[in-house]
Amino acid sequence: RRGPPDGGWGWMIVAGCFLVTICTRAVTRCVSIFFVEFQAYFGQDYARTAWIHSIVDCATMLCAPLGSLISNHVSCQVGIMLGGLLASTGLILSSFATSLEHLYLSLGVLTGLGFALCYSPAIAMVGKYFNKRKALAYGIAMSGSGIGTFILAPVVQLLIEQFSWRGALLILGGFVLNLCVCGALMRPISLKEDCKTAPEFLEQNYVSETEKQDLKRMSICSPLIKLWPHERLCYCSWKEYDFLLMPGFMVLAVSILFMAYGCSPLFVYLVPYALSVGVSHHQAAFLMSILGVIDIIGNITFGWLTDRRCLKKHRYFCYLFAVGMDGLCCLFLPVLQSFPLLVPFSFTFGYFDGAYVTLIPVMTADVVGTSLLSSALGVVYFLHAIPYLVSPPVAGWLVDTTGSYTASFLLCGFSMIFSSALLCFARLAKKIKRTRLQSLTGTTALKQRIWTNGAIAYSVTAELDQRDVEVLAVDTNSYSNR
């Protein structure tokens, strides 16, 4: 196929990804509702209890490249079905936990690993089926996280009240088995961009003529290549991850580290914070529901808006704005100490959270291209792992030490604002460099016109200062590589 179909079975892929985000991200968010129950049952402090949510988030993101690897070299369907079985097993085993350490392994590691095998492959598959309406498709698919949170938050609270936290985890274990159904929907698609040949690879002497002909007909990283010798596999692996050295991807990666650190503790501590300022249990759970449903609106409306012609070229700055606004919300949270004040916070934070989450895979595709999107998303979500692991326990330690949530929320806010500012400065530096390059190119063209005499054109290269020539060559190569 020449390009993405932008419809057809692609909408079933969107539906499958929508269900995947419900069963992974929404369920992960609802782990925070168990926070108070775990703390009371096991008699532990904030920091130790917060490790449960940290580990499941960290395992989901840390193992994201493994999900991409299975998707690329085996099958997206196999990866998601296997992940569904692992996640369900982890939740069911968690219902029999006798200690926090048991929950670290079952609910944290095993369930997180299962979610990792499902999440990034499903998201990457949407990018393969859509191009013109990519942001809208991602908005609908990623809205599963918000819709799932809106529905599951009160349901989980009700299940805890009716069946205790053990019964609630057991029921959630059966619910996430729906990931296996989602995996069955992920029909593979072969695009022209995926089947590009590698000229430098074909020129190598160790590749036979038969293998060269095979390579021309298949993707450079086809599963069939696993039968080839080691040096050819090394080349294939390098081509699959050579985007790691792209300057644009490096800046995006550093920014994501700070963004992930800032956004994670809020979902862990919003309910405990609300309870600490006198909000009832049902109202605190309702705050999570509000955050979830507004997250949906942010997913879909921001995806639709950034697909419009007027904003399509400005997706980068839309992402910066959304991340920065979430950071500002965190800075103001410590002064919001009643339910009527926390409701607007949930509206604002939820909307912009949904907005930038929708644009993460879109921006990644813009930087690396569709053919490398699965591998790139694996790395992007891998970068979420360490901040997701560290930030909730650090926030919990600050709460235990200071006796207040203020320091924790301020640290989250400044981290997200720094993430936004970093990308902004990187874009400004790139624009300044591009302007300089255009200026140098214009000067060269002017000198060539001056030194042209009728049919005889004199080369001005030798007349240019050697330093100018070197600067021009370096800038031109850097710009073309980007």
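Numbers run from 1 along the shown chain.
Note that Cβ sites are derived from N, Cα and C of the backbone, with glycine treated the same way.
Listed in TrEMBL:
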DOMAIN    9-431  domain 'Major facilitator superfamily (MFS) profile'
TRANSMEM  12-38  transmembrane segment
TRANSMEM  50-71  transmembrane segment
TRANSMEM  78-97  transmembrane segment
TRANSMEM  103-124  transmembrane segment
TRANSMEM  136-160  transmembrane segment
TRANSMEM  166-186  transmembrane segment
TRANSMEM  249-272  transmembrane segment
TRANSMEM  284-305  transmembrane segment
TRANSMEM  317-336  transmembrane segment
TRANSMEM  342-360  transmembrane segment
TRANSMEM  367-386  transmembrane segment
TRANSMEM  406-429  transmembrane segment
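The stretch in 12-38, 136-160, 249-272, 284-305, 342-360 that contributes the largest number of Cβ pairs under 8 Å to the transmembrane segment (406-429) is 249-272.
Listed as Cβ neighbours of the transmembrane segment (367-386) (distance under 8 Å, sequence separation of 6 or more from its ends, same chain) are residues 4, 57-69, 71-72, 116, 119-121, 123-124, 127-128, 131, 191, 193-194, 196, 240-241, 243-244, 246, 248-249, 252-253, 256-257, 260, 360-361.
Per-residue pLDDT, averaged over the domain 'Major facilitator superfamily (MFS) profile' (9-431), rounds to 82. Sequence-remote contacts of a segment are chain residues at least 6 beyond its ends whose Cβ falls under 8 Å from one of its Cβ atoms, and for the transmembrane segment (166-186) they are 12-13, 15-17, 19-20, 23-24, 27, 30, 34, 76-81, 83-85, 87-92, 94-97, 107, 114, 118, 121-122, 125, 156, 159-160. Residues 44, 49-50, 52-53, 56-57, 60, 80, 84, 87, 100, 103, 107, 115, 118-119, 122-123, 125-126, 129, 137, 140-149, 151-153, 156-157, 160, 165, 168-169, 172, 175-176, 178-179, 181-183, 185-187, 267-272, 275, 285, 288, 292 of the same chain sit 6 or more residues outside the transmembrane segment (12-38) yet have a Cβ under 8 Å from a Cβ within it. Residues 26, 29-30, 32-33, 135-140, 142-143, 145-151, 153-154, 156-157, 270-271, 274-275, 311, 318, 322, 339, 342-343, 346-347, 349-355, 357-359 of the same chain lie 6+ residues outside the transmembrane segment (284-305) yet bring a C-beta within less than 8 angstroms of a C-beta in it. Tallying C-beta pairs under 8 angstroms between the transmembrane segment (103-124) and each of 50-71, 136-160, 317-336, 342-360 places 50-71 first. Cβ atoms under 8 Å from those of the transmembrane segment (249-272) belong to residues 29, 32-33, 35-36, 46, 50, 53-54, 57, 61, 243, 284-285, 287-288, 291, 323, 326-327, 330, 333, 346, 349, 353, 356, 360, 363-364, 367-368, 376, 379-380, 383-384, 386-388, 390-392, 394-396, 399, 405, 408-409, 411-416, 418-420, 422-423, 426 of the same chain, restricted to positions at least 6 beyond its ends. Of the two recorded stretches, the transmembrane segment (342-360) does not lie close to the transmembrane segment (50-71), with fewer than three CB pairs under 8 Å once pairs fewer than 6 apart in sequence are set aside.
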